[in-house]
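Novice: Dumping what Swiss-Prot says about this protein:
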- Lys156: active site, proton acceptor (ACT_SITE)
- His275: active site, proton acceptor (ACT_SITE)
- Asn104, Thr154, Lys158, Arg276, His308, Ser360: substrate binding site (BINDING)
- Lys182, Asp184, Glu185: Mg(2+) binding site (BINDING)
- Lys182: N6-carboxylysine (MOD_RES)
- Lys315: site 'Transition state stabilizer' (SITE)
Amino acid sequence: YRLTYYTPDNQVSETDILAAFRMTPQPGVPAEECGAAVAAESSTGTWTTVWTDGLTQLDRDKGRCYDLEPVPGESNQYIAYVAYPIDLFEEGSVTNLLTSIVGNVFGFKALRALRLEDLRIPPAYSKTFWGPPHGIQVERDRLNKYGRPLLGCTIKPKLGLSAKNYGRAVYECLRGGLDFTKDDENVNSQSFMRWRDRFLFCAEAIYKAQTETGEVKGHYLNATAGTCEEMYKRASFAAQIGVPIIMHDYLTGGFTANTSLAMYCRDNGLLLHIHRAMHAVIDRQRNHGIHFRVLAKTLRMSGGDHLHSGTVVGKLEGEREVTLGFVDLMRDAYVEKDRSRGIYFTQDWCGMGGTMPVASGGIHVWHMPALTEIFGDDACLQFGGGTLGHPWGNAPGAAANRVASEACVQARNEGRDLSREGGDVIREACKWSPEL
C-alpha cells in the first residue's frame, strides 16, 4: 500500500476532506504501511492489484496518507492524516461520507486499534448540506428568550408513567420556570403510554403553562420510531397540534432518517432536538472508534437544532477543554485549529446554522455557576433529577433552577468571577427564593 497511498510530499487541496486517525499498528507493521492501508481501504484500494484500476484515474481519486505524527507518551501510536478527494463522496449525504471513511477500515487486521479523531469538511462539501433545520438565532427569536441559557428537564421516571400523569409532570415543570421539558430517549410508543396520547397531554400542558406564565414553552416530543414512515406520521401530528419542537435519537435512528426528519422540520416550522443515545459505544474508547467531535460535526451537517454534548461537571464523562472544543464546532461559524482542545483542523462552516449544545446528566443548582461560565448563553441546561428531586415537588424544583440561572447570569454580567464566587451567588439568591 505505501508505494501508492503514502505520499508525504503531497499538497493537500482546499477541497479535500481531511481525516485525522489515531492509529495503533500491530507489532512489526511499519506505521507508513498502516497509514497507507487506512487511506487505501477507506477510498479506492483493495487487497490486491486489479485490472480495472487501469480504467480509472487512480492518482486523482485515491485517498492519500500525507503525514504521520507519533502520539506523545505512547510507544506505538500515530496520528495518520489522510486526504480524500471531494469527488469520492455523494453531495449532501452524511451516510455516504461515514460509509466511505469508517465503514470498512476499522476491521483491517494490520491495525490493533483505530480511532477517527477529527474531520475537516471543506466549504465545497459543507455547502451541499442544509444543516440544522433552523439554528440558534431562529430558535431564540421564536422563543423570544435572549441573554441566558435555556433550561430544561427530562421527565422521570423515564418509563412507566401514564400519558396523563406524564403531562401533569410536564406542566408542573414548565409553570415553575423551565423553558423545555423532554422525553427520555427510550420513550417511544410503549404499551403503558402510546405516542399520540403523550403528544396530546404534553400539548395541553404546554398551552396551559404558556397561558399562566406568558412565556413560550416546549416539550421535546420523541418522534423516533421503527420506520421512517411512522416517524413522519408522529412529526406531522406534532406540527398539527402546534408544538414547537420534536426529538430524534440520531445514532440509533440513523443519519439518513435524521436528515429526512430535519428537512421535514425545516419545511414545517418544527425545531429538532437530537439525543446521542448509543454514542459511548462508539466514542468512549480512547484508542478505537470515533471521537464525539466527529459525530457532532456530522450531526450539524445532517441537521439538528439541539445536541447533547456532555456537561464537564455532572455524572457523565467529559474533559473540559475537549468538550469546549466540540461545543464550538457545533455553535460557531469558524473554528481555528487548536490541538489543546482536540481540534485537528480549522473548520469553516460558511454560514451554516449552529446547533445548540445541551448539557445533561447529573447536574443540579450547585453546578449552575460552572455551567454558566463554561457554556455561556447559547446552551440548554437540562436538570432531570435536579428538578424532579426537589423535596417540594416539580414546580418548586423548576423555580429553583430558574432563580439560580438568572442569579448566575446577573452576577456574570456584573463582572463577578463565577468560578470563585459561584457558591456565594447561589447562597445570596437563596435569601429571596425559598424554593432554591
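Keep in mind that glycine also has a Cβ here, set from the backbone N, Cα and C atoms.
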Novice: Would you list, in sequence order, the recorded positions among Lys182, Asp184, His275 whose CA lies within 10 Å of the CA of Thr154 (substrate binding site)?
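Specialist: Cα within 10 Å of Thr154 (substrate binding site): Lys182, Asp184.
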Novice: Please name the residue among the binding-site residues Asp184, Glu185 whose C-beta has the most neighbouring C-beta atoms within 10 angstroms.
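Specialist: It comes out as Glu185.
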Novice: Determine, to the nearest whole angstrom, how far the Cα atom of Arg276 (substrate binding site) is from the Cα atom of Lys156 (active site, proton acceptor).
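Specialist: Between the alpha carbons of Arg276 (substrate binding site) and Lys156 (active site, proton acceptor) there are 18 Å.
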Novice: I'd like to know which of these recorded positions, Lys156, His275, Arg276, His308, is least surrounded, judged by other CB atoms within 10 A.
Specialist: Lys156
Novice: I'd like the number of other C-beta atoms within 10 A of the C-beta of Ser360 (substrate binding site), please.
Specialist: 25
Novice: Which of these recorded positions is closest to Lys158 (substrate binding site) if you go by CA atoms: Lys182, Asp184, Glu185, His275?
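Specialist: Of all the candidates listed, Asp184 is nearest in space.
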Novice: Roughly how many Å separate the Cα of Ser360 (substrate binding site) from that of Asp184 (Mg(2+) binding site), to the nearest whole number?
Specialist: 11
Novice: List, in sequence order, those recorded positions among Lys182, Asp184, His275 whose Cα sits within 10 Å of the Cα of His308 (substrate binding site).
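Specialist: Checking Cα-Cα distances against His308 (substrate binding site), the recorded positions within 10 Å turn out to be His275.
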Novice: Between the recorded positions Asn104, Lys156, Lys182, Asp184, Glu185, which lies closest to His275 (active site, proton acceptor), Cα to Cα?
Specialist: Glu185
Novice: Give the sequence-ordered list of residues that share a chain with Lys182 (Mg(2+) binding site), lie 6 or more positions from it, and have CB atoms under 8 Å from its CB.
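Specialist: Gly152, Cys153, Thr154, Ile155, His219, Tyr220, Met247, His273, Gln382 - these are the non-local Cβ neighbours of Lys182 (Mg(2+) binding site), listed in sequence order.
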